[in-house]
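*Asks:* Take a look at what Swiss-Prot says about it:
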SIGNAL    1-20  signal peptide
MOD_RES   28  sulfocysteine
BINDING   33, 72, 135  L-thyroxine binding site
MOD_RES   60  4-carboxyglutamate
MOD_RES   70  phosphoserine
CARBOHYD  116  N-linked glycosylation site
């Protein structure tokens, strides 16, 4: 049974990463993609907040939105606004699981990263969710690719 679950998790991850490809990424400097590992489907309507670290080390609201039917969130920012800095992406996983009638362990998923320190890049933040665990990864690419 455990090997069956591991196989399904790996398969979901493979599908997830293959879908996190260049569809909307070429136009968006920051894109978020979320997959529900329990149901093996996109995580729809996950609230996403993006913050930028200020000079005084506080977090300032930068952008927000909800994932679509494909589990993706595009159009969070523009190349002009997405300047070099430290950013935090917060996924409201508790509300997502509560909507499905599941009581989760985590309140939210947080990904903190430095962006554009080596020139302008495209960032895809990907998250694979379950009620008691999560995994994140990032795809960073040159906008000319």
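Placed from the backbone N, Cα and C atoms, the Cβ positions cover glycine too.
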*Asks:* Using C-alpha atoms, which one of the recorded positions 60, 70, 72, 116, 135 comes nearest to residue 28 (sulfocysteine)?
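*Replies:* Spatially nearest to residue 28 (sulfocysteine) by Cα position is 72.
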*Asks:* If I take the alpha carbons of residue 72 (L-thyroxine binding site) and the residue listed as '4-carboxyglutamate', what is the distance between them in whole Å?
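*Replies:* So the Cα of the residue listed as '4-carboxyglutamate' lies 23 Å away from that of residue 72 (L-thyroxine binding site).
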*Asks:* With Cβ-Cβ distance below 8 Å and at least 6 positions apart along the chain, what are the contacts of the residue listed as 'N-linked glycosylation site'? List them in sequence order.
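*Replies:* Listed in sequence order: 82, 83, 84, 85.
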*Asks:* Could you check what DSSP calls residue 72 (L-thyroxine binding site) once collapsed to helix, strand or coil?
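*Replies:* Looking at the DSSP assignment, residue 72 (L-thyroxine binding site) belongs to a strand.
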*Asks:* Does DSSP give residue 135 (L-thyroxine binding site) helix, strand or coil?
*Replies:* strand
*Asks:* Other Cβ atoms within 10 Å is the metric here; tell me which of the recorded positions 60, 72 scores highest.
*Replies:* 72
